[in-house]
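Chemist: Dropping a structure here in structure tokens format, bear with me for questions.
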Amino acid sequence: MDFLHLGSFVFSSRLILGTGKFSNADLMIEAIKASGAQLVTVALRRFNREQIADDLFGPLSALQGITLMPNTSGASTAREAIHAAHIARELSGSPFIKVEIHPNPQHLMPDALETWEASRILAKEGFLVMPYIPADPVLAKRLEEVGCASVMPLGSAIGSGQGLANAGMIELIIRESGIPVIVDAGLRAPSEAAAAMEMGCGAVLVNSAVAVAGNPPEMANAFAEAVRAGRRAFKAELMPKSSFALSTSPLTTFLGKKS
């Protein structure tokens with residue numbers, strides 16, 4: 001079997017699902033089940049025991065075979081992200097933390113310096129750190145060196161649906177990385193998830209593309225199939241590209257005539 005290894009955890013599914021933007025919790029749960037995802041990310045602010053209508057921890061923790069990965073979305077500094085991570089671990093019991101630090105709400109680009117600092121400290125504290133980062137090969141390597149379990153470069157801006165706009169940089173990150181590379185943000189279509197897996201990504205994280213689809217459970221299942229197909233294609237090894245045509249048939253003879 002071909003498993004995804006993150007720290008001491010082993011997953012058979014390489015599709016990670018986000019939990020934001022769903023119209024209701026029941027639809028979210030249905031989509032998670034349809035996706036076959038085993039790792040699900042949820043914002044700390046959705047851990048709300050007092051306001052049941054806003055709480056996602058209860059419904060998610062009731063699912064069998066699901067590991068929660070809290071995220072620090074909303075943090076604008078390393079200090080805020082570290083504080084959020086401590087609360088999230090206490091509430092969820094999960095060692096995973098997705099470090100998200102994007103101080104500008106206009107573009108939601110991750111702050112590389114603050115992300116590195118928070119990730120360094122949290123990794124020392126024993127968290128399985130999964131940092132959301134710009135598609136920067138140098139930063140990705142630095143995060144690997146401080147003990148992150150994976151790196152999560154953005155395909156394109158959060159919620160933009162622009163797909164793998166950073167494909168070239170992501171390929172460089174994959175080439176140099178000794179930990180799983182997980183494309184996070186910007187994916188719109190299952191074909192883009194397949195393309196990310198064909199490049200050699202360890203997994204993809206999808207949220208908006210499923211949550212705002214016309215039929216979220218069906219779209220979740222489509223992404224699951226695409227991720228599996230892309231991974232199989234990567235393992236089978238794609239044919240090399242060529243700048244000129246290469247005939248699939250011998251050109252030495254045609255109808256008994258030698259060329």
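Glycine is treated like the rest: Cβ placed from N, Cα and C.
Per Swiss-Prot, active site, schiff-base intermediate with DXP is recorded for Lys98. Sequence annotations record features per position, and here Swiss-Prot assigns 1-deoxy-D-xylulose 5-phosphate binding site to Gly159, Ala185, Gly186, Asn207, Ser208.
In terms of burial and nearby residues, how do these features look in this structure?
Modeler: In sequence order, Thr41, Met69, Pro70, Asn71, Thr72, Met130, Pro131, Tyr132, Met152 are the residues near Lys98 (active site, schiff-base intermediate with DXP), counting only same-chain partners six or more apart with C-beta under 8 A. Lys98 (active site, schiff-base intermediate with DXP) falls within a strand when secondary structure is assigned with DSSP.
There are 22 other CB atoms within 10 A of the CB of Gly186 (1-deoxy-D-xylulose 5-phosphate binding site), with all protein chains counted.
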Chemist: Taking DSSP three-state, what's Ser208 (1-deoxy-D-xylulose 5-phosphate binding site) in: helix, strand or coil?
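Modeler: It is helical.
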